Structures are given as structure tokens and as C-alpha cells.
Amino acid sequence: PKMPGQDTAARAYSCCFSQGEKLWDALKISAYVFSTGLLLFTAVVNSASWFMQNITLGNFWQTAWLKFYNWMEGDEWTIFLHGAALVPALAFWGFNGILLVADITGKPTFITRYRIQLGKNDPVDTKKLRQAIYTALGNQFFISLPMLVPMFHIMQWWGNTFSKELPTFQWFLVELSIFTVIEEILFYYSHRLVHHPVLYKHIHKKHHEWTAPIGVVSIYAHPIEHIVSNTLPVMTGPMIMGSHIVSISVWFSLALVTTSISHCGYHLPFLPSPEFHDFHHLKFNQCYGVLGVLDYLHGTDRMFRQTKAFERHKVLLGLTPLSESIPEPPKKAE
């Protein structure tokens, strides 16, 4: 006969074993993503570094940085504003400016062919768009910019941020990996937090007014959400690492362009797939993270994995839209 509690213990053991397997699978996926990305990025960077060193007969980036540093007369606050605010803002609005032309005019058709949610934002509602742009600008000027003040003092305390010597490409790769892991963890859990019914109604619902998002919507959010989910996850890595301002500038720019791609609504050739986060806007309770590793671990991507969107969640290496090569199944007749 079974001892009392034996079934409960067996179920607990089975649950723990299942979680252990899931954790191991998530770690393997994470290792694969990071190692592949790092290998590719290292190859590109080393090739570029060799080109700069041998073709231009000198360390191009080091020379350019010193010229800029001297032009700014070593004024650390001005240098910090240029690197942490101006350059990322130009990257964000430059990229989104191109997308906005397609969103508003439907041209060039080359871009609009790659729309994920067919028939949505075709063209975009100009009233909603105007509100999104105003909110995005407000968040940048009145939230992100003031948050750079304490960050500046933290970076000054580290003493490495304004060094005349740039970090090596290899060290930047290490930093980039750490930044990505920190952002994934902080964004995933803060994002799930604002989906709690108590917080969603008052905070996160604003961002989800767009069930078919566009690029600029990436920072269309309530001020509290913009602080907790958008800004702090990106700022924390450089503050922990005491990174150089050039590394910070590149990281902030990459983060803003990447989140714009995730929200843009177009699955464009040779760019990261936005299917994962677009599905989140469509279904609300799936795909909370950036990389998808924590979603896999917590099971918050199960519905996504059963859809055609999951099959399309890859880098498009051709010119045929994935909505055509992997179309949605025809709807059943009622």
C-alpha cells in the first residue's frame, strides 16, 4: 500500500524534474543564441578592425574619439549628453522617420509588403500617431533626459567613462553580452509586473492601445512604465560595468533601434524578427521578454509556439515576405 503523501511527493518530484529540464533547455538555447551572435559579431568586428588598421593606416576610431574629446575640451557632461542622449535619439528618430513615411503614405510598397498584421495601419490613424509621437518625445525629454543626471554621477564615480583610451572590441563584446542579459531579466519581470490587473489598468494599458504597433510606439508608454521597463533595464548594465561613453552610446542606440524593430509591424529582410513582440501586442498575455529565453522557461510563449507567427519568427534572408511563404491558415467557414 502507498504511504500517506507518497502521491504528493511523486508529483512534487515530477514537477521539480520538469522545471529542471526546462531550465536546462532554456540555458542551452541562451548559450546557443549568445555564442552564435558573439561569433558572428566578433568576425564582423575583427574584419572591420583589420580594415581600419591596414587601409586607413591608423586606429580610426581611437583617432576620431580623441578629436571629438578635444573638440569638446574634455567637458564630461557635454560629452555624456552627446553620447547618451543625442546620438541614440538621432538613431531612434532616423530609423523611425523612414518607417513613418511607409506608415503614413503606404509607400514605398517595398516596405509595406512586409506588414505583419495585414490590413492594419494601412494607412496609420494620424490622430493616434500624433499622440504617440508627442508621448514619445515627452518621455525622451522629461523622463529619459533627467534620468541621465544620476547616471552621469555614477559613471564619474567609476572613473572609466571618459577615458581617452577606447575599450577594445573584445571587451565591448563582453559588455554587450552582459548588458543584454541584464536587460532581458529586468525587462521581462518588470513587464510581467505591469501586466498585473491592478497596474495594467492604470499604467500599461496605454502602451497596449496599439494592438498592431508601429516603431515609434516602442516608447509610447505611461511615465512610470517608461522609467521601470524602458529605461532602467537599458541603463543598469553600463552603470554596473562602469562602461565607456562610446560603449554606452552604441548600446543605447542599439537598444532603441532594436525595440523599434520589435514594434515596427514590418518583418523586413535581413533585420531581426519582430514577430515575437508583435504577437504580444496582439494577444497581451504572451511573449513578455526580448530574447524569449525567460518566456520559454516560464511557459509564457506556449500559445505563440503553436502559431504560424512562430514559424515566421526568424531572420528573412530573401525578398519574399514571410506572410506569403508561410501564410495564415484559411479561416473555417461558420
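Each Cβ is built from the backbone N, Cα and C atoms, and glycine gets one as well.
The feature domain 'Fatty acid hydroxylase' is assigned by TrEMBL to 178-300. The helix, strand and coil residue counts that DSSP assigns across the domain 'Fatty acid hydroxylase' (178-300) are 87 helix, 1 strand, 35 coil.
Residues annotated as transmembrane segment in TrEMBL: 31-52 (among others).
The transmembrane segment annotation in TrEMBL covers 79-102 (among others). Same-chain neighbours of the transmembrane segment (79-102): 68-69, 72, 108, 111-112, 129, 140, 144-145, 148, 151-152, 155, 161-162, 214-216, 219, 245-246, 248-249, 252-253, 255-257, 260, 264, 266, counting only residues six or more beyond its ends whose CB sits under 8 Å from a CB of the stretch.
According to TrEMBL, the feature transmembrane segment maps to 137-158 (among others).
Per TrEMBL, the feature transmembrane segment maps to 170-189 (among others).
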